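Please read the structure below before turning to the comments.
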């Protein structure tokens, strides 16, 4: 591309970073980085009632965790475009200037209709099987009559909003980066719409145009649910005679199991970045998975780094079909990343043992190599998130279960069980410290199989029980070798004492 790319991610601080919003941020970031453009963060915080404490901080923190940086934003202001919060821009009169222009030109007007009146109109339209639309209250009036009516409403203490006058029967069309040509007639808009609320704040569809124009945004990549907003925004661009940016509306994200739209209100589905962070998913894996929601790379590979995404990004490879959010696929992607980055992830895995109360911080620091071996044997290659390692490693590495009465009767109180337990104990005690390795321990068990003519569970279960108090678990010789001779003998003595 020859023009200088400027794209933005403009979250509302009304909650945590959602999978859908993260995708918007990721693809705008990739677009900017691929074309050596600029990626801007703008905070759209005009919905004061819904803004939550630390909402902005949470959004930005999770973006950084995903590996997304920005060229401009609330913390990286460029004086030419600042400020980067809409409330601050509103306080400076940025939007009021343009609202006044539209009022003066007659392209917008003040409306004093109450919520009760609007509700009655919507109900009447529903009963008449009509699409909801705004009914112009000054129809047939002269300018003087309108002025008098508004003065009376003002005197009565009614609050006004400002509505944009929608052109009649006008087609708004654009060449969408994802969907191709899109055309929507003004009749589908729902009538004149609010550009300034009663509290003086601009509405989303108005403020976003002013901001994108003043910040020289060249491309707007966002979710498919914004298609219906685009005609409203285009009519504002037309009203001021401004060039609109290129629009791209990415495919809807749906749940793989149900085919329904991924909804923030669906509490049965984990769909916020913060939730996956808490579970121990890796940022590289989250970026990787989200980067394939509605975008298709060349070839069959599904595991990519951020740098690879940046290099191969192509806006022509967005898919039109709905993107499936598959939690199992995300778990698989995270597992692949954990396995390939095991050394890098190991400190996080060890920290999970600290969080679970299995070790303290000092042990985590001093015994890192030993703990890494435990984690490896416990089955790290099979988990989908780091938080799953503590339950796997807890027994028998840090705690021992009580041997059940049933297991004791089945495997330790039989003639064969007693023979195996006694013979293994004798041989393991005789094994030198420097030979206490998995290979030597396995050979002892094989020799017992030959000498006692006992094999399978009757051989292995008594040994497992006296050493780990479990009849199932990871590779037994490896467990004993890692935990050491003293630990093994101590457990055997504990079993005999019981």
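Cβ atoms here come from the backbone N, Cα and C positions, even for glycine.
Note that the structure is a prediction, hence the values are computed from the model and not measured.
For 264, the entry in Swiss-Prot reads ATP binding site. Swiss-Prot lists 11-21 with the feature motif ''HIGH' region', giving sequence analysis as the kind of evidence. The feature motif ''KMSKS' region' is assigned by Swiss-Prot to 261-265, with sequence analysis given as support.
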Within the predicted model, mean pLDDT of the motif ''KMSKS' region' (261-265): 85
So if I draw a 10 Å sphere around the Cβ of the residue listed as 'ATP binding site', how many other Cβ atoms end up inside it? 15
The motif ''KMSKS' region' (261-265) resolves under DSSP into 0 helix, 1 strand, 4 coil
